[in-house]
Structures are given as C-alpha cells and as structure tokens.
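In what follows, a single structure is set out as structure tokens and then discussed.
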Amino acid sequence: MRWSEIGCTMKSVNIEWNVNLRQAFFCIARALDSVGVDDINHGHRVGYMAYSCAQAMEWSEEECQLVFALGLIHDCGVAQKRDFYRLLENMQPDNTQQHCVRGNELLSNCPPLAPFADAILYHHTPWDELKNIAISDRNKRFAALIFLADRVDYLKELYPRDEYGNVTQEARNQVCLEIGRLSGSLFERDLVRTMQHLLSKEFIWFSMEHHHIEAMGHNLPSTPFFEQKLGVEEIMSIAMLMANVVDAKSQFTFQHSQKVAELCQHLAKELGLNVEMQKALYLTGLVHDIGKLHTPEEILHKPGKLNESEYLCIQRHSTDSRYTLQMVFGQSVVCEWAGNHHERLDGSGYPRGLQGAAIDLPSRIIAIADVFQALTQARPYRGSMSLNEVMNIMRHEVSCGRLDSQVFDVIVRNSQQYYQLSIAESPTEWA
C-alpha cells in the first residue's frame with residue numbers, strides 16, 4: 001500500500017530542519033520546572049544568577065550565555081517530584097549523584113551539548129573536590145558557578161517572604177553570610193565574592209521573575225554557538241533529549257516517545273513516503289508528548305478512571321505540545337502533526353475535533369502509532385496487553401471510523417514485528 005492509494009489528501013510538505021537553540025533550552029527548562037511544582041522556575045533563576053555572575057566576572061559573552069543555558073537545564077537528570085524534593089532537604093543533600101549522572105548521560109548523547117556534559121555531571125561537587133578533577137577549565141568553572149547559583153536559590157527559600165511576596169533584607173543577608181561561610185570549601189572563592197556583591201543589589205532579586213528572565217534570554221546578542229546551523233541528526237539528538245525528559249516523568253510511559261517515533265518511521269517507510277518524511281515523522285514521534293510535562297503526576301499515575309477535570313488536564317497536553325514545539329521548531333509541520341495526534345477521523349478526537357480529509361496522512365500515522373504503542377505498555381489502571389488484545393481494540397477503533405483503516409492494514413500485515421518493536425526496551429533495528 002502506497003500513500004497515493006490512501007483516501008486522504010497529501011498536501012505538498014516543506015519540512016524545515018531548523019531549531020531555535022535558545023528556545024530549546026527554555027523549553028527543556030519549562031518542562032523540568034513542571035517536575036518540581038513547589039519550586040517553579042528553579043532552572044530559570046539558576047541560569048539567570050549564573051549568567052549575571054559570569055558577566056560580573058568578565059567571562060566572554062559566549063561563556064556567559066552557555067552557563068545561562070546550562071543553568072536552565074542543569075537538573076535535566078531529575079525525573080520525578082521525589083527526586084526534586086531530595087535536593088531541597090539540606091545544603092548538601094544525599095543522593096545527588098544519580099541525577100547528575102543521568103543528566104551527564106543525556107547531554108553526552110546529544111552532540112550539540114556533549115561538550116558541556118561534565119559541567120552537569122559535577123554541578124553538585126564541592127569546590128575543594130572539583131578543583132582537582134581532570135576536566136576542562138571551562139566545564140569546571142561552569143559546574144562551580146551552577147552549583148553556587150543552585151544553592152543560593154535553595155537558601156533563599158528557607159526564609160519567609162514579606163507580606164508582598166518579596167525576599168526580605170534579612171533573608172538576603174543570611175544567604176550572603178551562608179555562602180561566605182562555605183567559601184573555599186563548598187564554593188569557589190572568587191565566585192562567592194562576586195555573587196555576594198550581586199545579591200546586595202535589589203535589581204537581581206527583582207529580576208528573578210521567569211518572564212523577566214525569558215525576555216532577557218530572548219534578547220541576548222548573537223554568539224556562534226546559538227547561531228549555528230544544526231544538521232538533521234543533531235536536531236534529532238535534541239528531540240531525543242526532550243523525549244527522554246518527557247518519558248522519565250512516569251514509569252508507565254518509559255520509552256513511549258521513542259517507540260512511537262520508531263513506529264511512525266516504519267509505517268511511513270512501508271507507505272512509500274520519502275526518507276525526509278520518514279525522518280520528520282520520527283522527529284514528531286519523539287516530541288509529540290512534550291506537552292504532557294505540564295500534566296500533574298498524580299493524574300498520570302491515577303489507577304482508576306479519570307474524572308472530568310482530570311480528563312481535561314490530559315486533553316490539553318496535545319495543545320501544549322503544539323505551542324511548545326512552535327517555539328523550538330518554528331512553523332515546521334512537526335508542530336502540527338504532534339498537535340493532531342489525538343484527532344480522530346469521525347471528529348470525536350481532541351483538541352480541535354478535526355475529521356476526515358482535514359486530518360492529513362502524517363497525522364493519521366502518528367495517531368495509530370500512539371494508540372498501538374500505548375496499548376502495549378502497562379498503565380496504572382491495567383497491565384500491558386497481548387498482541388491479540390491490542391489488535392482487537394484497534395480493529396474496533398478502525399471499524400468505528402476513528403482510525404485510518406489503510407494505515408492500520410500496514411500493521412496487520414506485520415503485526416508481530418510491530419508488536420516486538422513496540423515492547424522492546426531499546427531502539428530496534430528492523431529491515
């Protein structure tokens with residue numbers, strides 16, 4: 001079956017392989033901030049303080065912006081709320097190594113960010129240890145500064161705000177005293193002196209609102225790193241990083257995005273779509289659920305039926321995905337396809353209630369891949385399903401006119417291979 005034989009329109013698609021690196025960092029930061037809901041925008045504040053301190057230290061503009069970006073995503077190894085809460089237990093919490101190692105692995109597997117992976121690995125390492133570790137001077141400085149900014153953000157939350165929500169002068173003084181006490185042991189001395197000077201000014205405290213930080217971040221001068229033109233594989237690696245952050249939020253969705261991506265790619269190939277379309281659908285599969293990071297964990301993990309309000313939270317994730325991806329990928333069709341993955345041919349889907357020819361072939365492919373993969377995975381309210389169970393449910397959806405019959409026929413012809421691909425715990429090669 002070729003796509004030209006399928007009863008839906010296939011408009012000419014111009015796939016733009018561009019990514020806004022600045023927006024990608026903010027996107028990941030916003031996603032991570034959704035994990036620690038009791039300390040929202042932590043990554044924004046750490047990035048901003050690190051950037052401000054680096055500027056005051058007269059680092060190059062490139063390095064200032066890099067440490068800002070790394071500050072935004074420094075906790076990319078934090079998967080769930082419980083991991084985040086451990087970081088709030090004390091000044092030197094136990095078990096920080098796990099999320100540092102995971103963050104290092106995520107960046108190491110993303111070529112554009114791999115040179116900075118060591119800064120994430122050591123961002124909770126005391127200075128009296130870090131100074132003797134054999135990593136680049138740049139990553140050592142980045143790690144030391146991110147650690148300092150991270151702990152300043154932790155310290156300020158130990159003190160009550162005034163009646164208008166401002167950090168009190170007493171709290172500011174105590175923060176400066178505490179980092180000064182740990183200068184030379186936990187923190188690098190020059191960084192501490194510079195940070196203390198910054199914290200003595202009202203400007204830095206008033207600028208810690210996330211909208212101020214994003215406005216500043218979007219208006220920074222051009223630098224080579226952020227203006228570079230990424231290749232397709234590099235863009236894929238950033239999408240994979242985003243997918244890993246999404247999938248780690250719940251043990252029930254582990255590798256879901258990656259598997260949907262693989263299913264999409266195979267379906268596109270068997271339907272005769274060209275290689276560029278196959279890659280674009282793979283990319284869409286990786287990022288289709290990015291909006292789910294705003295969905296509360298208690299809803300994702302609920303073992304029973306969702307009530308009306310909870311279901312509304314679930315429904316909004318595809319819209320959140322669309323707009324989040326537009327900030328990173330611009331007007332790429334990837335954003336539209338990701339936003340359509342819960343649309344159904346009979347108009348019963350969400351969020352726009354599209355039907356029939358209004359749903360293009362790529363959107364139909366990702367809808368089927370998403371349903372198929374979800375059924376093969378365990379969920380809080382059920383175990384994983386057998387191939388027969390999966391196929392029976394999907395046949396019902398097709399017969400009711402919700403999912404595309406001819407795309408589904410591709411799965412029918414190779415159902416065992418698609419099932420094995422979907423349940424495998426690592427990327428699957430399939431000729």
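Cβ atoms are placed via backbone N, Cα and C, with glycine included.
The domain 'HD' annotation in Swiss-Prot covers 39-155, and the record cites sequence analysis as its basis. Assigned with DSSP, the residues of the domain 'HD' (39-155) fall into helix, strand and coil as follows: 77 helix, 0 strand, 40 coil.
Restricting the average to the domain 'HD-GYP' (231-427) gives a pLDDT of 91. Residues annotated as domain 'HD-GYP' in Swiss-Prot, with sequence analysis given as evidence: 231-427.
Annotation comment: Swiss-Prot describes H288, D289, D370 as divalent metal cation 1 binding site. For the recorded site, H288 (divalent metal cation 1 binding site), the DSSP three-state label reads coil.
Taking the Cβ of H317 (divalent metal cation 2 binding site) as centre and 10 Å as the limit, one finds 23 other Cβ atoms among all the protein chains shown. When secondary structure is read from DSSP and collapsed to three states, H317 (divalent metal cation 2 binding site) falls in the helix class. The annotation divalent metal cation 2 binding site is assigned in Swiss-Prot to D289, H317, H341, H342.
Summarising the annotation, Swiss-Prot assigns active site, proton donor to K292 and lists similarity to another entry as the type of evidence.
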### Query
To which of the binding-site residues D289, D370 does the lowest count of other Cβ atoms within 10 Å belong?
D370
### Query
Do you know offhand how many angstrom separate D370 (divalent metal cation 1 binding site) and H341 (divalent metal cation 2 binding site) by C-alpha?
7
### Residues that sit under 8 angstroms from H288 (divalent metal cation 1 binding site) by C-beta distance, when 6+ apart in the chain
S257, V260, S318, S321, W337, A338, H341, I366, D370
### Query
Quick one, of the recorded positions K292, H341, H342, which Cβ has the fewest other Cβ within 10 Å?
H342
### Query
Roughly how many angstrom lie between the C-alpha atoms of D289 (divalent metal cation 1 binding site) and H317 (divalent metal cation 2 binding site)?
7
### Summary
Rounded to a whole number of Å, the separation of the Cα atoms of K292 (active site, proton donor) and H342 (divalent metal cation 2 binding site) comes to 13
